Amino acid sequence: MKKTVLFLAAILVIFLVSCGGSGSKNIKLGMLYNMTGSQASLDGPSSNGAKLAAKEINAAGGVLGKQLELVSYDGKSDAETIGKAAAQLVEKDKVVAMFGFSDSDMVMAAAPIAAKAKIVFITSGATSPKLPSQVPDYLFLSCFGDNVQAAAAAEYSWNTLNAKSAYLLIDKGMEYTLLLGKYFQERFTELGGSVVLEDTYQTGDKDFSAQITKLKALKPAPDMLFISSGPDDIGTIVKQVRDAGITSPIFGGDGYDTPLLMEIAGKGANNVYYTTHSLMDKNAGSPEVQKFIAAYEAEYNTAPENAFAGLGYDTVYLLADAIKRANSADPKKIREALQTTKDLPGVTGSITFEPGSPIPQKGVAIIEIQDDALKLAAEVVPEKVPAP
Amino acid sequence: MPVDMSQSSHVLLEVKNLSKSFRGLMALQNYNVQLTEGEILGIIGPNGAGKSTVFNLLTGHLNLTKGSIVFRNIDITHAAPEEIAGLGIGRTFQNIRLFGSMSCIGNVIAAMQMKERQSLLGAILNLSHFREQEKRFAMQARTLLALFNLQEHADSPALSLSYGDQRRLEIVRAVALKPRLLLLDEPTAGMNPHESAEVINLIKRIHDEYHLTIIIIEHNMPLVMKVCSRLQVLNYGEIIAEGKPENVRNDPRVIESYLGRVG
Amino acid sequence: MRRDRSTAIVSLAAIGITFLVLWLLHSFGGYYIERIVIGIGINLILVISLNLANGFTGLFSLGHIGFMAIGAYASAILTLPLSLKSTNLPDLPVFLSKIQMPFLPAVLVGGLIAMVVALLIGLSLMRLTGPYISVATMGFLVIVQVVLTNWDSMTRGARTFAGVPEYTNVWNVWIWAILVLYIVWRIKFSSFGRKMMAARDNEIAARSLGINVMASRLLAFCISAFFTGVAGALWAHFITAFSPKSFYFSQTFSVVTMLVVGGLGSLSGSVVGVMLITILSEILRNAERGFSIGPLVIPEVYGASQVIMAVLFVLFIVFRPRGLFGDAELDVRRFFKKEKEVSG
Ligand SMILES: Nc1ncnc2c1ncn2[C@@H]1O[C@H](COP(=O)(O)OP(=O)(O)OP(=O)(O)O)[C@@H](O)[C@H]1O
Ligand SMILES: [Mg+2]
């Protein structure tokens, strides 16, 4: 028993020693991504993209004559861990700004801690437009909001696909899919379209025959299907819908931006459309995207896994730009400069913050799958966006 | 000492036509017994004769197939084990069943506390009433353990005891319940002759000191003869002989079915 | 009498030292340390109450995090500022949409609701034994998960429940933790604890001694659920934003690990288990970011901390299946006595 006590004491000492701070002259940015756990497939590429951006910026002389240093911790997809990591970034690492995460829960575990220390938190991938109001003044999005991408989807469906009626299937298990479906419906009906049937499922469901039966019973068949789904389910859904003989266009949000869609649905993925941050394609993408992909491949020996890589990359450039314009690494000045960002070009579209809005005005990429290939169908800046 | 049956003073237990079949196998058939207070009854019989089954039926651990059990004028035919224990039947088990990870004294107190309820609030607030009760439990438990020479093991886990000590601890625990009727299933099994004799003496002693009525299942004939006022012999689930030990010993059927084989 | 008094003195001294250490950490440790200290306090409550249910009765519940969820959501709904209620929870029943409770009553209500649910399911679950009870309680966890994700008007469904007031601090968490430790300790060394452990060690013998096995298991389960609900409420006001999936298998695994490492049935073990695992995983979490010892540079390897912890856990279970303490308790007086003998 005494050995146990001594062992515990030793561990405690190691722990206290390892807590010591570290000083340096670099400009420190706190980077929080979930490198492990359920969020890793989105956050891993984001982290890689961010590191690549920092490397490029530093190679070009840094910011304000100083090097950018990304201080990162693994959030482990766990709120308690994220809280601790955010506290360390504030206290021990003394970062001047924080960014990261692609999920509302995760953002909400870190952003309030940054705000308490009067430091901005920019989420690179959590697209809920309701998020910033939970942490007023300090929480920004560098990606578009779901209201923006849903409005873009609705306008493109109405104007270009000539869809007048839509079937709506929503995953009830995620805030993201719930809101996305709701925003689409709002904008689509506002334009004059009608949602003929609204159905739901739960994240992780494997059998959609009940929903498909109801869908097939619709007379006349709807012009399009809007399926609000996350990355893990969409392949299965598309496959089962197509296997049931339904060929109408299927539309969705950036949850579709995963190789799984075409891997699982195969040919069935044709005639699928989705909104996302950019088309990560070496040939079909924009010049910025092509340049980014080349750099990413040179650095990591693999193409960017998804658009989240571009979001992480753009977020670091967004912060670097704000620091440059603020001409200071003072957190307060960074926040002020961030709010006045205008037409900053990026891999995922150019970023402008309207006064008072923490959600950027950003173009939405509409991707179309035809002949087993992704194509950039359009870049849409929606005319009207539903309120968050 | 042993009460004469004819006196029929206080009938403590009345069992009629007790029968038990396990999926067709008649483990016990029309078993009858009437016990007067203070008696020590011995049940003997070859392996598989149905002796333990009698105990398990009396204490509610098995559901009977047929028959009735009346204890202290209360019908306990269909009562649950914990109710029967509450009415005053304590027992030991042929295959020892101690609370292995608990201390010996803990085992004894677990039995003792049945008669004295505690209030949860009193326990949590550590009220003086609760503290005194716990102290009394501990004292009484140590006295009982000392009676069976187990005092130096009081704070060791029950499982750390030797086989013989475990058997004795189980008896102490059953006595701690302050039962009116004590059922002992082979209390000397696995002990050497010296230990067995000691245990039998102790059983006699607690019988006298605590005014107990006892049923003992036992294979050791000399011991049974020494301690019991009456014997029942079971074979294939049926009573084949009953009466004073010396009479039973000379019964030819008993010699044939049981004693003959043993000795 | 002497023994009683010395026990009381040792306990009071331990509590005094605990709060002194807490005060030092609070004053000089900073926000990061404060979050760890609060986390330890909440985990203490979770693990000690899980020990009451699992360690004392031997029925291994894997559904306790369901009670944590109930406590968390109940307290969060009750304390949410009215302005947020109208926007975040517009469909709340009227009697809930008009009230905003203070912290303590909300925490107590959270615990009570968890306890009532435990009573209702316990009436049937406590008849089961062994692996069946684990499977059935895990089923309960899944049901809680499904109810939380579908009861939109109360929980916002799967969406983040944010804006919960940040009431939890070092002091209220640790007062609760010490209270829970004390109460469960008292239960262990009373007739109630003996009944639970007797039924755990040998159900048939326990019944033959008049112990109502079902009732004593139910008592353990309900008290345990109450404190787990309380811990959930404290957690809710600590993290302030969560969703149903915060209360699922990974949380269950974390609490069960701490319990098993400490030892089923040992409260000293629970305390040590929580501290040991928290601090060890914090060290590893910081170490996995990469470090250098002189010329030797270890690069970052994210996930290494979880892998190392899992391997250590497996090794631990193989070599010490009954945990650090089994179900024995650390006796401070004995520890000091030995110390004297050694040094003198
Ligand atoms: N729970 C049970 N299920 C099925 N059969 C049983 C059960 N308990 C006892 N038996 C059977 O009933 C018969 C009587 O068993 P019992 O244990 O009463 O014998 P016993 O006289 O105590 O023998 P021993 O001297 O070996 O202890 C045996 O054939 C036994 O196999
Ligand atoms: Mg037997």
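In case you wondered, yes, glycine gets a Cβ from its N, Cα and C as well.
The feature transmembrane segment is assigned by TrEMBL to C:7-26 (among others).
According to TrEMBL, the feature transmembrane segment maps to C:32-53 (among others).
Per TrEMBL, the feature transmembrane segment maps to C:65-83 (among others).
Here TrEMBL flags C:103-125 (among others) as transmembrane segment.
Marked as transmembrane segment by TrEMBL: C:132-151 (among others). Proximity of distant same-chain residues to the transmembrane segment (C:132-151), defined by a Cβ-Cβ separation under 8 Å and at least 6 residues beyond the stretch ends, is recorded for 59-66, 69-70, 73, 121, 125-126, 157-158, 244-245, 247-249, 252.
Distant neighbours of the transmembrane segment (C:171-187): 11, 15, 18-19, 22, 37-38, 41-42, 44-45, 48-49, 51-52, 56, 103, 193, 223, 227, 230-231, 234, 238, 267, 271; these residues of the same chain sit at least 6 beyond its ends, with a Cβ under 8 Å from one of its Cβ atoms. Marked as transmembrane segment by TrEMBL: C:171-187 (among others).
The annotation transmembrane segment is assigned in TrEMBL to C:218-238 (among others).
As annotated by TrEMBL, transmembrane segment applies to C:258-280 (among others). Outside the transmembrane segment (C:258-280), and at least 6 residues removed from its termini, the chain residues within Cβ reach (under 8 Å) are 36, 39-40, 43-44, 47-48, 50-51, 54-56, 58, 181, 184-185, 188, 197, 309, 312-313, 316-317, 322-330.
Sequence-distant contacts of the transmembrane segment (C:301-319), counting only residues of its own chain at least 6 positions beyond either end whose CB sits under 8 Å from a CB of the stretch, comprise 257, 260-261, 277, 280-281, 284-285, 287-290. Per TrEMBL, the feature transmembrane segment maps to C:301-319 (among others).
For the transmembrane segment (C:103-125), the residues of the chain that approach it from at least six positions outside its boundaries are 67-68, 70-75, 78-79, 133, 136-137, 140, 165, 167, 172, 217-218, 221-230, 232-234, 237, judged by C-beta separation under 8 angstroms.
Taking Cβ pairs closer than 8 Å, the transmembrane segment (C:218-238) reaches residues 38-39, 41-42, 45-46, 48-50, 52-53, 56-57, 59, 61, 64-65, 67-76, 79, 103, 106-108, 110-115, 117-119, 122-123, 125-126, 164-168, 172-173, 176, 180, 183-184, 187, 192, 196, 247 in its own chain, all 6 or more past its ends. Same-chain residues lying 6+ beyond the ends of the transmembrane segment (C:7-26) with a Cβ under 8 Å from its Cβ atoms: 33-34, 37, 170-171, 174, 178, 182, 332-333.
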